[in-house]
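Engineer: Once you've had a glance at the structure underneath, I'll fire off some questions.
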Amino acid sequence: MKRYVMLLLIGLLWLPGLCSAAAIPERTGIVTDRAGMLTSGEASELAREAESGNYRLYVLTIDSLNGESSATYAADVYDAWRLSGRDILLLLSSSDQQAELSFINPQLQSALDSWSSSSGAGTGSAAVKQVIDTYFIPHAKSGDFAGGIKALAGALDDIGSGRQDIGGGGQGAANSTAGSFPLGTIAALLIGVLILGVIAYVAISGSRLRRQLSGRREQIGDLLVRANRALDSLKPFQGIVQGKTGEMAEGISSRLSNALIELSALNSENQGELPAFWKLGALRTVIGVLQEKEDSYRSLLEGEEKQIAVISEADRGVKAKINELKQDMPELNEDLQETLKETGFGLQEIAEDLKELSEETDKADQLELFDPVAVQELAGEAQAKQEQIERDIQDVEVYRNKLRQFPERLAAARARIAELIQANSLQNMKVKPYDNLESASSRMATLEAPLSSGMMDEVRSISAAVDVLVEEAVAMTERQARLRESNRSDLETARSGFGTLRQRRSELQSRISEAGRRFDSRHIASPQTALDEWSRRIAEAEGELPRIEALTSDERGEFEQARTALDRLLALQEEGGHALGGAADAVAGLGDRLNRVSAALQEGESRLEAARMQLRSKGLSLGGGLSLSSVPGYRELQSGLSAAPFNLDELEAAAGSYTAQVAQIADEAARLIRRREEEERRAQMAMLEEQARRQQRPPGTPPFGGGGFGGGGDGFGGGGGRSGGGGHSGGGGGRSSGGSSWGGGGKSGGGSKW
């Protein structure tokens with residue numbers, strides 16, 4: 001019964017370790033970086049390189065093993081991930097600084113044993129540990145985990161393939177490879193492949209070029225047909241048209257005839273046999289020449305076809321345009337005569353324009369059959385003149401009415417201006433709206449003469465100028481009224497703004513004075529300079545108020561000048577407000593900086609006290625103790641905070657150093673506590689296991705010879721087995737474990753710390 005109770009106690013002791021053991025994560029590819037020890041770029045590069053060697057190195061990084069053996073955990077991951085004989089697992093534990101290799105590959109283990117033995121090291125797990133210590137640990141110590149993984153993967157690939165120097169094996173392998181396939185045979189094969197490639201290239205390229213050349217020849221034939229058609233379309237005009245149309249037709253015919261002759265000759269030259277397909281240079285030369293000539297003739301034909309289209313279009317449409325102009329002439333004459341009767345004006349200019357239009361129409365009608373192109377141009381000009389005459393006749397009555405109504409319009413403008421002046425006390429304003437009205441009246445008096453003679457362009461110009469003068473006269477008066485009102489309102493706003501700025505300036509001076517008693521003078525120099533500068537500028541600007549008030553008074557009436565000065569003052573007030581606000585923020589920031597330094601001191605004290613209590617609970621102590629006085633930077637920081645004025649730059653530097661030292665001490669205390677807890681757990685386990693063995697031994701049976709558990713030993717069977725090795729680089733030793741399994745092969749593992 002006692003024996004079962006003892007076994008139960010041992011099982012219960014193992015339970016916390018099992019519960020806290022690191023869980024096996026899911027595989028996310030070649031690299032599963034749970035501890036964040038690699039960047040995304042490094043992980044991607046390692047994943048790409050893992051597929052290029054003889055072995056596939058899987059990498060798993062975790063935060064902690066939670067007390068579990070790295071060899072056991074790596075083997076469990078290897079099984080859970082179902083890795084194959086080509087696969088190798090590299091386990092990296094960040095907080096434990098532990099590296100572990102695990103694989104099932106007797107050939108690789110044998111190669112590692114040979115490599116390790118050649119350097120005087122051990123075999124099995126010792127060989128695995130040796131390769132980790134040699135290739136990974138130096139990189140890990142400097143924080144270059146990606147570099148260490150690359151170096152380790154390359155070493156495993158070289159050792160496993162015999163490329164590492166292990167007693168001359170590499171030379172034999174090289175000789176064997178070289179002798180397996182004669183270099184002469186390889187060279188002959190390469191030359192044959194090259195020749196076949198050249199032949200295929202020439203055949204394919206030559207056939208393609210011959211097809212292109214045939215296509216170019218067909219295009220030349222098409223251009224020849226196209227030139228013939230263009231000449232045929234020009235025949236109806238040849239011998240009939242004269243003048244501009246005749247010159248165009250003759251030129252087109254001459255150029256097309258020459259092109260036709262040249263195209264015929266070119267087409268005849270290219271009717272022979274095509275060059276052989278292997279004459280690539282000759283084929284390209286002929287194609288280039290034909291392409292250049294084809295482009296040139298095609299461009300020429302397109303231009304001539306457009307010219308023929310112009311002649312054809314003119315011939316078809318010009319008659320209809322002339323008839324339309326003739327039909328509109330009687331109506332225009334009637335409109336002119338009616339306007340003459342209604343207005344009593346002579347309208348000589350319009351009558352002259354109408355006469356010229358009639359003459360141009362008759363001339364176009366006479367030329368229509370012989371020179372359609374020139375007639376088309378004449379018809380276009382006549383159409384534009386006809387539209388202008390129609391507009392001029394219509395506008396006569398419009399401007400006659402404007403001339404009659406101008407006195408009323410002028411009186412209305414004067415009344416509006418007088419009303420604005422009276423309502424807004426603008427008697428002394430500096431602008432002169434009545435001068436504009438006088439100028440408008442003078443200009444309008446000159447309108448009747450050109451209107452009577454029908455000089456409508458001049459009439460329109462005079463009328464537009466009069467409109468501008470009248471509208472500006474009213475608009476400038478309205479603006480003066482608005483300026484007067486807004487100036488007075490903004491003047492009060494400016495006075496209020498200067499009062500606010502004076503108050504803010506006084507408050508800021510008080511805060512700077514108070515800060516000067518608490519902080520070093522260099523910290524308040526910039527805010528004080530800004531305050532002095534803006535105090536001067538604000539005082540100068542405030543002195544402008546009486547002058548602006550005088551300018552905008554009804555007696556002076558200089559509203560524009562006052563507006564400019566007010567805009568300048570308001571902009572300065574806004575800028576000054578921002579400047580004073582920035583200086584106030586700078587002063588307030590001094591207190592915030594001091595508070596952060598004080599908080600850093602208190603936080604460090606609390607953290608050290610917590611570490612002291614934890615060490616005391618485990619019966620531990622730290623070299624040099626955990627007193628605040630032993631922490632570098634503490635006395636300097638405490639002294640700096642003890643009395644004003646405070647130099648914040650020095651205090652912040654001391655606080656940074658102090659915080660870093662406290663963090664280092666706290667981390668060391670945590671490491672000691674974890675080590676003590678592990679030692680206690682292992683000691684308790686060893687005691688309970690020994691008690692269990694004594695309970696299981698029959699009475700009178702002597703104990704096993706020589707002591708208790710050892711860190712290594714021999715097991716059953718032979719040939720490999722799961723093995724694990726660990727070492728500590730630069731840290732005072734490490735742990736090793738080993739074992740064997742029955743059967744021919746098995747898992748191998750080895751580990752080290754950095």
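Each residue's number is its place along the chain shown, starting with 1.
Heads up, the Cβ atoms here are built off N, Cα and C, so glycines get one too.
TrEMBL labels come from automatic prediction, so no person has curated them.
Positions annotated as signal peptide by TrEMBL: 1-21. Summarising the annotation, TrEMBL assigns domain 'TPM' to 31-157. As annotated by TrEMBL, transmembrane segment applies to 181-204. Taken from TrEMBL, the feature coiled coil applies to 322-395, 648-689. The region 'Disordered' annotation in TrEMBL covers 485-524, 689-754. TrEMBL lists 504-523 with the feature compositional bias 'Basic and acidic residues'. Per TrEMBL, the feature compositional bias 'Gly residues' maps to 703-754.
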Engineer: Restricting to the coiled coil (322-395), report the mean pLDDT as a whole number.
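Structural biologist: When the pLDDT values over the coiled coil (322-395) are averaged, the result is 86.
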Engineer: By DSSP, how many residues in the domain 'TPM' (31-157) are helix, how many strand, and how many coil?
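Structural biologist: Final tally across the stretch: 64 helix, 23 strand, 40 coil.
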Engineer: Could you tell me how many residues in the region 'Disordered' (485-524) are helical, how many are strand and how many are coil under DSSP?
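Structural biologist: For the region 'Disordered' (485-524), the helix, strand and coil counts are 38 helix, 1 strand, 1 coil.
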